[in-house]
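Report on one structure; see the data block that follows.
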Amino acid sequence: MKLRGLYAITDSQLLAGRFLSHVEAALDGGVCLLQYRDKSDDAARRLREAEGLMKLCERYGTQLLINDDAELAARLGVGVHLGQTDGPLTPARTLLGRQAIIGSTCHASLELAAQAASEGASYVAFGRFFNSVTKPGAPAANVDLLEQARAQVKLPIAVIGGITLDNAAPLVAHGADLLAVIHGLFGADSAQEVTRRARAFNALFAS
């Protein structure tokens, strides 16, 4: 599977009361990867929401990933995204199998990206590139890093951190394969606007 396009990431608080409807609206607009991100300790709700997302992703032909929970990913038979504090990647690869999509947060570090590649990552994620509501204190990255990563790391490159339709184009131009977006997509006032934004993000890859 070619990893290129919009990488939608959920936020359960942002999407409260409209979780599945807005996610489906995004999928209708075109989503390459969908990451279920929920940092709460409510395991039952997380399983229920993840199962709902899995059904939607199957309907739209989108790959689902779970943030920071390889065991839940294994239970559902989907991929996982791991941050630098979420444990090593190799055990997750062993647990999920060779075909699973596994992503790794690399902040602004080519060294972390090289390590992730050596451990079997499917893609590497750099950021934050702009001011981020979700992770305001994350290390900053810039477009020069993307060109260096393109030359050194032979994996798809995801970018994250404050990405909107107003600032995403230069990231794609400098080598980003995946635009990982939370508020810039799901912060829309209506499901119709979520769909419009999803299509607009994907259009950046067609130009």
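Quick reminder: no glycine exception, Cβ is built from N, Cα and C everywhere.
These figures come from a predicted structure and were not determined experimentally.
Going by Swiss-Prot, these are the annotated features:
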type    : residues                                                 : note
BINDING : Gln35, Tyr36, Arg37, Asp38, Lys39, Asn67, Thr105, Lys135 : 4-amino-2-methyl-5-(diphosphooxymethyl)pyrimidine binding site
BINDING : Asp68, Asp86                                             : Mg(2+) binding site
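Structural mapping of features recorded in Swiss-Prot.
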residue	record	DSSP (3 states)
Gln35	4-amino-2-methyl-5-(diphosphooxymethyl)pyrimidine binding site	strand
Asn67	4-amino-2-methyl-5-(diphosphooxymethyl)pyrimidine binding site	strand
Asp86	Mg(2+) binding site	coil
Thr105	4-amino-2-methyl-5-(diphosphooxymethyl)pyrimidine binding site	strand
Pairwise CA distance, Tyr36 (4-amino-2-methyl-5-(diphosphooxymethyl)pyrimidine binding site) versus Asp68 (Mg(2+) binding site), rounded so that it is a whole Å: 9
Between Asp38 (4-amino-2-methyl-5-(diphosphooxymethyl)pyrimidine binding site) and Asp86 (Mg(2+) binding site): CA-CA distance (Å): 14
Integer Å distance between the CA atoms belonging to Asp68 (Mg(2+) binding site) and Gln35 (4-amino-2-methyl-5-(diphosphooxymethyl)pyrimidine binding site): 10
Distance [Cα-Cα, Å, rounded] between Asp38 (4-amino-2-methyl-5-(diphosphooxymethyl)pyrimidine binding site) and Asp68 (Mg(2+) binding site): 9
Set of same-chain residues at least 6 away whose C-beta sits under 8 angstroms from Lys39 (4-amino-2-methyl-5-(diphosphooxymethyl)pyrimidine binding site): Asn67, Asp68
